[in-house]
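Per TrEMBL, these features apply:
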- 5-69: domain 'J' (DOMAIN)
- 135-217: zinc finger (ZN_FING)
- 135-217: domain 'CR-type' (DOMAIN)
- 148-155: repeat 'CXXCXGXG motif' (REPEAT)
- Cys148, Cys151, Cys205, Cys208: Zn(2+) 1 binding site (BINDING)
- 165-172: repeat 'CXXCXGXG motif' (REPEAT)
- Cys165, Cys168, Cys191, Cys194: Zn(2+) 2 binding site (BINDING)
- 191-198: repeat 'CXXCXGXG motif' (REPEAT)
- 205-212: repeat 'CXXCXGXG motif' (REPEAT)
Amino acid sequence: MNNTEYYDRLGVSKNASQDEIKKAYRKLSKKYHPDINKEAGAEQTYKDIQEAYETLGDEQKRASYDQFGAAGANGGFGGGQGFSGFDGAGFGGFEDIFSSFFGGGMGGNRNPNAPRKGDDLQYRVNLTFEEAIFGTTKEIKYNREASCHTCDGSGAKPGTNPVTCSRCGGAGVINVDTQTPLGMMRRQVTCDVCHGSGQEIKDPCQTCHGTGRENQAHTVEVRVPAGVESDQQIRLASQGEAGYNGGPYGDLFVVIQVAASDKFERDGTTIHYNLHLNFAQAALGNTVDVPTVHGDVELNIPEGTQAGKRFRLRGKGAPSLRGAGQGDQYVTIIVDTPTDLNDTQRKALMEFAQAGNLNVKPKKKNFFEKMFDGD
């Protein structure tokens with residue numbers, strides 16, 4: 001097997017990101033699942049996809065596969081920094097060789113049969129502006145790789161049991177000899193038959209076809225606390241995908257997306273609102289009802305209020321996630337200048353200007369402007 005076959009099975013390039021690999025796997029796994037696809041060869045294709053993802057879905061296994069192929073997937077003593085300085089005069093491979101066999105961490109000593117936590121998942125939930133302020137409860141539905149309900153994740157047909165792997169004798173690893181410029185070197189790699197489990201499944205489960213996993217629809221209720229904001233995450237433990245070798249489920253991370261409001265703007269616990277007044281209200285003062293997320297509040301506008309003036313409504317903002325009380329709402333005054341005065345209004349404004357000795361010289365409309373006004 002060449003070092004690209006697993007990538008070819010998933011239809012991705014060697015430069016694909018882990019997210020791209022996972023998306024490709026989910027798409028193909030669903031397409032070729034024997035319970036869905038009854039075409040000849042679909043079951044084998046499904047198994048090939050599972051085998052490819054088991055390696056490429058794990059960053060350490062993928063790195064070993066890229067370097068040594070299927071026989072070396074997950075194997076070696078990688079993980080260290082290796083040696084440097086051998087990249088000239090035809091010795092470019094020395095650094096990779098030393099780092100594989102003598103690097104720090106001694107990754108080859110890890111037990112391949114050890115339980116591993118399942119993959120984490122991410123789900124984006126949309127909230128209204130008000131739901132984010134006051135909190136809410138959402139029921140979300142998604143698909144995840146779960147332990148097979150028929151075989152409880154063993155991969156074996158009910159009533160049967162896996163047997164000790166004939167290739168590795170149950171160790172989960174095998175010895176591989178590799179010819180290097182320093183001579184023949186031996187290293188341990190994950191068994192290519194049992195993939196590290198130490199067991200073979202002679203009579204596979206008809207539901208999961210020996211994988212121990214199946215794609216299931218899952219529903220979970222998430223409680224969204226009051227005061228959340230966009231891009232914040234809520235972690236739901238054990239709501240991700242099934243673990244490996246009996247390991248625990250991964251987690252689900254719910255990412256919050258808050259819709260914009262047509263009235264308010266929010267900055268943390270502070271809410272901003274623009275209040276439009278006509279110039280008479282601003283000049284003479286007024287009492288107005290100001291909307292807040294908590295309901296209308298009566299606000300006294302003093303005489304002579306200027307555009308840009310801000311009023312503070314204490315405790316009318318958003319709550320703090322850390323329990324530090326309630327934020328405030330700031331009301332910014334916008335004074336609207338009339339754009340279409342009638343004769344009475346224009347006369348009153350001129351009298352106002354004259355009474356205050358204000359130098360006001362309105363532009364007189366010419367003939368053409370009057371014609372357009374008539375239209």
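Every residue gets a Cβ built from N, Cα and C, even glycine.
Automatic prediction, not curation, is the source of TrEMBL annotations.
Annotated features, which come from TrEMBL, shown on the structure.
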residue	record	DSSP class
Cys148	Zn(2+) 1 binding site	coil
Cys165	Zn(2+) 2 binding site	coil
Cys191	Zn(2+) 2 binding site	coil
Cys205	Zn(2+) 1 binding site	coil
Exercise for review: Determine how many residues of the domain 'J' (5-69) DSSP places in helix, in strand and in coil.
Suggested key: 46 helix, 0 strand, 19 coil
Check your understanding: Other residues with Cβ within 8 Å of the Cβ centroid of Cys148, Cys151, Cys205, Cys208 at the Zn(2+) 1 site?
Key -> His149, Thr150, Asp152, Gly153, Ser154, Gly155, Ala156, Pro204, Gln206, Thr207, His209, Gly210, Thr211, Gly212, Arg213, Glu214
Study note, to complete from the structure: Contact set of the repeat 'CXXCXGXG motif' (205-212) with the rest of its chain, CB cutoff 8 A exclusive, min separation 6+ beyond the ends, reads 34-35, 43, 46-47, 50, 147-151, 153-158, 242
Practice item. Could you name the residues, excluding Cys165, Cys168, Cys191, Cys194, of the same chain that surround the Zn(2+) 2 site, i.e. Cβ within 8 Å of the Cβ centre of those residues, in sequence order? Key: Ser166, Arg167, Gly169, Gly170, Ala171, Gly172, Val173, Ile174, Asp192, Val193, His195, Gly196, Ser197, Gly198, Gln199, Glu200
**Study point:** For Cys205 (Zn(2+) 1 binding site), nearby residues of its own chain (Cβ under 8 Å, 6 or more apart in sequence)
**Key:** Cys148, Thr150, Cys151, Ser154, Gly155, Ala156, Lys157, Pro158, Gly212
Study note, to complete from the structure: Cα nearest Cys208 (Zn(2+) 1 binding site) among binding-site residues (Cys165, Cys168, Cys191, Cys194) -> Cys194
Review point. To which of the binding-site residues Cys151, Cys165, Cys168, Cys194, Cys208 does the lowest count of other Cβ atoms within 10 Å belong?
Key: Cys165
Revision key, fill the gap. CB neighbours within 10 A of Cys148 (Zn(2+) 1 binding site), counting all protein chains shown, number 22
Check your understanding: Residue counts in helix (H, G, I), strand (E, B) and coil for the zinc finger (135-217), per DSSP?
Key -> 0 helix, 39 strand, 44 coil
Study note, to complete from the structure: Mean pLDDT across the domain 'CR-type' (135-217) comes out at 90
